[in-house]
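Q: Below is one structure. I have some questions about it.
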Amino acid sequence: MSILIENISKTFGTFRALDHVNLEVKAGSLVALVGPSGSGKSTLLRMIAGLERADEGKIWLAGRDATYAPIQKRHIGFVFQNYALFKHLNVAKNISFGLEVRQANPNQIRSRVRDLLQLIQLEHMADRYPAQLSGGQRQRVALARALAVEPKVLLLDEPFGALDARVRRELRSWLRDLHQEMPVTTVFVTHDQQEAMEVAHEIVVFNQGRLEQVGSPQEIYDHPATPFVMGFMGHINHGVDDVQQSSYFVRPNDVIIQLVPSTNSLSGKVVGMTYGDTSMKLDVDIPQQVPSSDWAPRGSLWRIHLSRRDFNQFNSMLVGGIQIGSVLYVQPRRTEMVRGYSI
C-alpha cells in the first residue's frame, strides 16, 4: 500500500513538530526516517498510524484520504521499541492475539502462527513466555504479531533501540531478509544512521520538523543536499579550497594516504588508531584552520578509513610502521563542495 503525506503540519503548544511535510512512500518499499531527537520523525509515524491528528494537511493510504480514518480501518501494524508483548501469554498466543480478537477461523490461526514462527525462526520456542526470551527474540515475536493480521503497512518505531550492538546488527540483516520474503510497505524510525544505511531502500532525513532530503542510501551519503545532511549522515573531514575561497568535505573512505608529499597533499600526524576486523581507522591531525559553522565544529582532525590490506601495505613501507606520532600525507580522492557555505 502506498502512503502519501501532503503538506502535513503539527504543533504541540509552541513547539512546531512538523512543518508542511510532503512525502511519498511507494507500495512495497522499506523506508527509514532519521534525524535528531525532536526532528518530527516519530510524530509523522504516529500520524500515519492514526495515533496523532494533524493540524493541517492530508494523509493518503492507497490513494484514499485516511487523514481522519480510525486506527482499526487503516490496516497498519505497529511495533514499538519496548516490544509490548503480553507477559501472561506464550509466544504462539502473543502472535495469534490479533487474529483471535478478529475471531478468525481456528485452523487459519494455527496455520498463520505456524508460518510466522517459521519465518522468525522461533518454531522451537512457541510455548515459551516473554520472560524466557532474549531481547532480540522478543522483538522478532513483536514483529510476527504485527504481521499476523496481514497489515498493508508496517510501522516500526526504534524497533532495535533497546538491544545491544551485536543483536542490533543481527536483526538489521534479519529485517532486510524478512522484507524480501514479505514485501509489506514498511516505514521505520531510527536514531542509528548506519542502521538506516544498511536496511532501507530509501532514507528520509528530518531536521526541525522539515525534510532535508529523501533518497537512496548512496544518494544521501555521496550527494547530500544540505550541510546538515552532510554532517548527520556519517563522519566528514573538512578542508579549505584557497583558490575558490570555499569549504569542502571528504568522506573518510575517500582519502588517500602517502608517505611522501605530492601536489595538493596535506601533512598530518597520526593521533589515533582503531583496529577493526576488515578495516582500520586513523585519526590524523592536520595543521589547518577550518572555519566553524552550525553543522561542524572548528578543528583539523581528519578520520581516514583503510582496508586492512592497504593498511598493512603502508605499515610495511614505513620504518617502524604506522603508529601514534607518525607523519603521513593525505590527499582527497573525491570531494564535495559545501553548497551555500563559503569562508
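Every residue gets a Cβ built from N, Cα and C, even glycine.
Pasting the relevant annotations from Swiss-Prot:
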- 3-233: domain 'ABC transporter' (DOMAIN)
- GLY35, PRO36, SER37, GLY38, SER39, GLY40, LYS41, SER42: ATP binding site (BINDING)
Q: Sort out the sequence-distant neighbours of LYS41 (ATP binding site) for me: same chain, 6+ apart, CB within less than 8 Å of its CB, listed by position.
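A: Listed in sequence order: LEU33, VAL34, GLY35, VAL189, VAL204, PHE206.
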Q: Which residues, in sequence order, are found in the same chain with Cβ within 8 Å of the centroid defined by the Cβ atoms of GLY35, PRO36, SER37, GLY38, SER39, GLY40, LYS41, SER42 at the ATP site, excluding those residues themselves?
A: THR43, PHE206, ASN207
Q: SER37, SER39, SER42: which of these binding-site residues has the sparsest Cβ neighbourhood within 10 Å?
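A: Each of the binding-site residues SER37, SER39, SER42 was scored by Cβ atoms within 10 Å; lowest is SER37.
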Q: Let's check the environment of GLY40 (ATP binding site): how many other CB atoms sit within 10 Å of its CB?
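A: If we count other Cβ atoms within 10 Å of GLY40 (ATP binding site), we arrive at 25.
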Q: For GLY38 (ATP binding site), which of the three DSSP-derived states applies: helix, strand, or coil?
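A: For GLY38 (ATP binding site) - judged by DSSP and reduced to three states - the answer is coil.
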Q: Between 0 and 100, where does the mean pLDDT of the domain 'ABC transporter' (3-233) sit?
A: 91
Q: Same chain only, sequence gap of 6 or more: which residues have a CB within under 8 Å of the CB of PRO36 (ATP binding site)?
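A: Sequence-distant Cβ neighbours: PHE206, ASN207, PHE232.
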Q: Restricting to the chain of GLY38 (ATP binding site) and a gap of 6 or more, list residues whose Cβ falls under 8 Å of its Cβ, or answer none.
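A: Counting only residues 6 or more apart in sequence, the Cβ neighbours of GLY38 (ATP binding site) under 8 Å are PHE15, ALA17.
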